[in-house]
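Trainee: Below, the features straight out of TrEMBL:
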- 16-263: domain 'SMP-30/Gluconolactonase/LRE-like region' (DOMAIN)
- Glu18, Asn154, Asp204: divalent metal cation binding site (BINDING)
- Arg101, Asn103, Glu121: substrate binding site (BINDING)
- Asp204: active site, proton donor/acceptor (ACT_SITE)
Amino acid sequence: MSSIKIECVLPEKCRCGESPVWEEASNSLVFVDIPAKKVCRWDSLSKAVQRVILDAPVSSVALRKSGGYVATIGTKFCALNWEDQSVVVLATVDKDKKNNRFNDGKVDPAGRYFAGTMAEETAPAVLERRQGSLYSLFPDHRVKKYFDQVDISNGLDWSLDHKIFYYIDSLSYSVDAFDYNLQTGQISNRRSVYKLEKDEQIPDGMCIDAEGKLWVACYNGGRVIRLDPETGKRLQTVKLPVDKTTSCCFGGKDYSEMYVTCARDGLDAEALLRQPEAGGIFKITGLGVKGLAPHPYAG
């Protein structure tokens with residue numbers, strides 16, 4: 001095993017950092033701070049940060065094939081032009097649920113933007129249950145709804161052969177799998193592949209590595225865990241010096257570095273003293289495994 005190194009590369013003090021995605025073209029990490037309504041881009045070479053402030057909570061961001069980004073803002077799928085900071089609404093969901101917002105999102109290997117919703121929280125992980133749904137935005141801007149009754153729609157990714165869709169509804173404390181049809185975007189046959197243990201707390205964001213294993217950020221658990229979705233076994237635990245780890249992605253040269261986002265909201269003064277880097281962006285090196293480049297939205 002190579003020796004694992006964890007460092008806070010950006011002390012951003014995010015209220016709730018989420019949705020990290022590596023942009024190879026600019027050697028940058030793009031991520032959001034949901035309640036601060038911010039999309040941030042950290043240049044790993046110059047260490048400079050650019051920030052765009054939006055008019056509603058922004059819960060996920062993804063690359064766009066034609067340039068710029070797509071993001072989930074409030075209950076809208078949007079296109080974001082970084083240069084002039086303009087936003088174009090592509091589609092709106094949950095129009096009948098005024099208290100809802102999007103949460104985590106990611107683009108599938110065919111270029112569809114998957115994202116789910118949840119009720120707005122009254123405190124971290126405290127909310128009206130079963131108000132959310134899972135959607136995808138097709139490249140032609142058509143929206144497909146997969147299912148509802150979701151508590152907190154969260155981490156998602158696809159198997160290396162694109163035949164399985166992995167998904168987390170946080171308050172089920174489970175990582176689930178579906179059969180996936182890449183051609184149609186259909187999902188079926190939901191089952192659990194891993195149930196979190198008590199000290200792992202709440203499953204949040206997730207990504208897959210080049211060996212087909214899943215990495216899950218554990219909110220309140222202060223760790224990312226590596227799972228084998230075929231055996232249902234946990235293979236590795238990497239603990240961070242912050243409690244509210246929210247999401248993870250691979251990036252850097254050859255996608256050999258892992259980037260982890262986290263949150264400050266919900267930590268009292270004493271907890272913040274114990275973890276001054278809460279809300280920062282962490283880089284983990286020496287994991288000995290690589291990730292994959294993110295898929296861009298095709299629309």
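First residue shown is number 1, and so on along the chain.
Note: Cβ is positioned from N, Cα and C throughout, glycine not excepted.
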Trainee: Mean pLDDT across the domain 'SMP-30/Gluconolactonase/LRE-like region' (16-263), rounded to an integer, is what?
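Mentor: Summing pLDDT over the domain 'SMP-30/Gluconolactonase/LRE-like region' (16-263) and dividing by its length gives 97.
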Trainee: Measure from the CA atom of Asn154 (divalent metal cation binding site) to the CA atom of Asn103 (substrate binding site) and give the result in Å, rounded to a whole number.
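Mentor: The separation of the Cα atoms works out to 6 Å.
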Trainee: Can you tell me how far the Cα of Glu121 (substrate binding site) sits from the Cα of Asn154 (divalent metal cation binding site), in Å?
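Mentor: Rounded to a whole number, the Cα-Cα distance is 14 Å.
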Trainee: In Å, rounded, how far does the Cα of Asn154 (divalent metal cation binding site) sit from the Cα of Arg101 (substrate binding site)?
Mentor: 12
Trainee: Would you count the other CB atoms within 10 A of the CB of Asn154 (divalent metal cation binding site), including those on all shown protein chains?
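Mentor: Within a 10 Å radius of the Cβ of Asn154 (divalent metal cation binding site) lie 30 other Cβ atoms.
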Trainee: Return the maximum Cα to Cα distance in Å (whole number) over the record's substrate-binding residues: Arg101, Asn103, Glu121.
Mentor: 11
Trainee: Please report the distance from the Cα of Glu18 (divalent metal cation binding site) to the Cα of Arg101 (substrate binding site), rounded to the nearest angstrom.
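Mentor: One finds 14 Å between the Cα atoms of these residues.
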Trainee: Check each residue in the chain of Asp204 (divalent metal cation binding site) that is at least six apart in sequence and keep those whose C-beta is under 8 Å from its C-beta; list them in sequence order.
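Mentor: Listed in sequence order: Asp104, Asn154, Gly155, Ile168, Ser170, Val216, Ala217, Cys218, Tyr219, Thr245, Thr246, Ser247.
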Trainee: How many neighbouring Cβ atoms, not counting its own, are there within 10 Å of the Cβ of Arg101 (substrate binding site)?
Mentor: 22
Trainee: Using the centroid of the Cβ atoms of Glu18, Asn154, Asp204 as reference, list every other same-chain residue with Cβ within 8 Å of it (recorded divalent metal cation site), in sequence order.
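Mentor: Apart from Glu18, Asn154, Asp204, the close residues are Ser19, Asn103, Asp104, Ile152, Gly155, Ile168, Ser170, Gly205, Ala217, Tyr219, Thr246, Ser247.
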